Amino acid sequence: MASQESLTEEQIAEFKEAFSLFDKDGDGSITTKELGTVMRSLGQNPTEAELQDMINEVDADGNGNIDFPEFLTMMARKMQDTDTEEEIREAFKVFDKDGNGYISAAELRHVMTSLGEKLTNEEVDEMIREADLDGDGQVNYDEFVKMMIVRN
């Protein structure tokens, strides 16, 4: 669970600014109506139910609105997710030796061997098969992400 403690003062100040953009009437909380207004101004078109779901996800005290501490928790969570995506992208680059956007059986075998994992050709092929959703014999970035998310 991400917490506000993981945020810097600078980030908190930025989020306070963003919060005030949402909090149109300045009462210290964001309603579904205010959330809808901001999202529509950003070109999104959420339904009332979607807006309510978004609020319910972070509405810790159950009052139907998002206050600033709840908003901070939501932003801290989002930032943690982004770190994870970045880590997965970096890991993919390690495997994708030739940088063509795919991990071949040979590349996978090379990395696993260099990590001290002595795998048989069958084991490497099996790993590729499990992750290779479109059946082209190699693993693309999207397939790699799905595999990493399932494992974590």
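Every residue gets a Cβ built from N, Cα and C, even glycine.
Note that the coordinates shown come from a computational prediction; the quantities given were computed from them, not determined experimentally.
What Swiss-Prot annotates here:
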{"type": "DOMAIN", "residues": "10-45", "note": "domain 'EF-hand 1'"}
{"type": "DOMAIN", "residues": "46-81", "note": "domain 'EF-hand 2'"}
{"type": "BINDING", "residues": "Asp59, Asp61, Asn63, Asn65, Glu70", "note": "Ca(2+) 2 binding site"}
{"type": "DOMAIN", "residues": "83-118", "note": "domain 'EF-hand 3'"}
{"type": "SITE", "residues": "Lys118", "note": "site 'Not N6-methylated'"}
{"type": "DOMAIN", "residues": "119-152", "note": "domain 'EF-hand 4'"}
{"type": "BINDING", "residues": "Asp132, Asp134, Asp136, Gln138, Glu143", "note": "Ca(2+) 4 binding site"}
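Where Swiss-Prot records a feature, it is marked here on the structure.
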residue : record                : DSSP class
Asp59   : Ca(2+) 2 binding site : coil
Asn65   : Ca(2+) 2 binding site : coil
Glu70   : Ca(2+) 2 binding site : helix
Asp132  : Ca(2+) 4 binding site : coil
Gln138  : Ca(2+) 4 binding site : coil
Glu143  : Ca(2+) 4 binding site : helix
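In the domain 'EF-hand 3' (83-118), the DSSP tally of helix, strand and coil residues is 23 helix, 2 strand, 11 coil. For Asp136 (Ca(2+) 4 binding site), the nearest of the recorded positions Asp59, Asp61, Asn63, Glu70, Lys118 in terms of C-alpha separation is Lys118.
The binding-site residues in question are Asn63, Asn65, Gln138, and the one with the fewest Cβ neighbours inside 10 Å is Asn63. Note: the Ca(2+) 2 site is recorded as Asp59, Asp61, Asn63, Asn65, Glu70; in the same chain, Ser29, Ile55, Val58, Ala60, Gly62, Gly64, Ile66, Asp67 also have Cβ atoms within 8 Å of that site's Cβ centroid. Remote same-chain residues near the domain 'EF-hand 1' (10-45) are listed as 4, 51-52, 54-55, 63-68, 71-72, 75, 79 (criterion: CB distance under 8 Å, separation of at least six residues from the stretch ends). Close to Asp59 (Ca(2+) 2 binding site) in the fold, though at least 6 residues off in sequence, lie Asn65, Ile66, Glu70, each with a CB less than 8 Å from its CB.
Cα separation, Asp132 (Ca(2+) 4 binding site) to Asp61 (Ca(2+) 2 binding site), rounded: 43 Å.
The two recorded residues, Glu143 (Ca(2+) 4 binding site) and Lys118 (site 'Not N6-methylated'), have Cα atoms 23 Å apart. The separation of Lys118 (site 'Not N6-methylated') from Gln138 (Ca(2+) 4 binding site), Cα to Cα, is 20 Å. Look at the domain 'EF-hand 1' (10-45): DSSP puts its residues at 23 helix, 2 strand, 11 coil. Among the recorded positions Asp61, Asn63, Lys118, the residue whose Cα lies closest in space to that of Asp134 (Ca(2+) 4 binding site) is Lys118.
When pLDDT values are averaged over the domain 'EF-hand 2' (46-81), the model yields 87. Close to the recorded Ca(2+) 4 site, the chain also has Tyr102, Ile128, Ala131, Leu133, Gly135, Gly137, Val139, Asn140: residues not among Asp132, Asp134, Asp136, Gln138, Glu143 whose Cβ is within 8 Å of the site's Cβ mean position.
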